[in-house]
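Novice: What follows is a single structure, and I will ask about it in a moment.
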Amino acid sequence: MAQQGQGSMDPAVLDDIIRRLLDYRNPKAGTKQAMLNDSEIRQLCFVSREIFLQQPCLLELAAPVKICGDIHGQYSDLLRLFEYGGFPPAANYLFLGDYVDRGKQSLETICLLLAYKIKYPENFFLLRGNHECASINRIYGFYDECKRRFNVKLWKVFTDTFNCLPVAAVIDEKILCMHGGLSPELINVEQIKNIERPTDVPDAGLLCDLLWSDPSKDVKGWGMNDRGVSYTFGADKVAEFLIKNDMDLVCRAHQVVEDGYEFFADRQLVTMFSAPNYCGEFDNAGALMSVDESLMCSFQILKPVDRRSRFF
């Protein structure tokens, strides 16, 4: 693979951007935002976009790797995740999408993730979530944050980058990872390789389902989804898919779970959620899943912190 990524961004500039974003851990009195300028953010978007397009839509990764679920602009919690799991390149990472919206610092969150993607393109991976889509993040906070802190044109630059994100990953041919879940159109995992990018997220079909579907204990086969988008699927569909594709586990995000992770279908599917105390409205923990070389999965838990102190 041509190293367009690092080669088209001055490493010293990139390191300085990462340093400033990480300095948020020790903020000076009164500074709550790690400010990058418009051109720096655009460069992160342009360079990472090229890397996403050079790498496949279905990533094929090797363990060990640490997997994270939804972050939703909770930047201080993203930094806590890295403190638990090790700041790159101390560990390999796979994030399952939903970096923006709802939280207060979507810009810091996505900028740090894109910067790490550029710096460590073969060790740091980002999948697309349903919120990495213009029609969704126009409504749930990211558009407003871009407009308030920069301008609408910058939001459009992010949209172009999000349209190039990969949508699924396979770890050592045995663990399938995506943001949402399975699809009635997905028979063979190889089909995901045929999704062409850049692309918006359609209202129905394989790409939509990979980003939007949910497992349900109340369904056998496929059911209606209360979200009004995609489907729900039963434990039978998880087992059927894994047998057909000779795989062991589906790892996905997309739903708040109380303990940060939750198994389904006799531990054949796990839901990961990595934004503790989500939106300040839930008392959920966040989790980080470590997959070792033998594909053993273990979990590190981020307990919710006191809401009153979390942004001070």
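Cβ coordinates are placed from backbone N, Cα and C, and glycine is handled just like the others.
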Novice: Which single residue out of N37, N130, N137 does Swiss-Prot record at the Mn(2+) 2 site shared with D98, H179, H254?
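Specialist: Of the residues offered, the record points to N130.
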Novice: Please report the Cα separation of H254 (Mn(2+) 2 binding site) and H72 (Mn(2+) 1 binding site) in Å, rounded to an integer.
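Specialist: Distance between the two Cα atoms comes out at 11 Å.
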Novice: For D98 (Mn(2+) 1 binding site), just give me the three-state DSSP call.
Specialist: coil
Novice: How many Å lie between the Cα of H179 (Mn(2+) 2 binding site) and the Cα of D98 (Mn(2+) 1 binding site)?
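Specialist: D98 (Mn(2+) 1 binding site) has its Cα 8 Å from the Cα of H179 (Mn(2+) 2 binding site).
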Novice: What does DSSP call H179 (Mn(2+) 2 binding site) in the simple three-state scheme?
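Specialist: Reduced to three states, the DSSP call for H179 (Mn(2+) 2 binding site) is coil.
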Novice: By CA-CA distance, flag whichever of D70, H72, D98 among the binding-site residues is nearest to N130 (Mn(2+) 2 binding site).
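Specialist: Ranked by Cα distance from N130 (Mn(2+) 2 binding site), first place goes to D98.
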Novice: If you count Cβ atoms within 10 Å of the Cβ of H254 (Mn(2+) 2 binding site), leaving out that atom itself, what do you get?
Specialist: 25
Novice: At the Cα level, what's the spacing in Å between H131 (active site, proton donor) and D98 (Mn(2+) 1 binding site), rounded?
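Specialist: Rounded to a whole number, the Cα-Cα distance is 5 Å.
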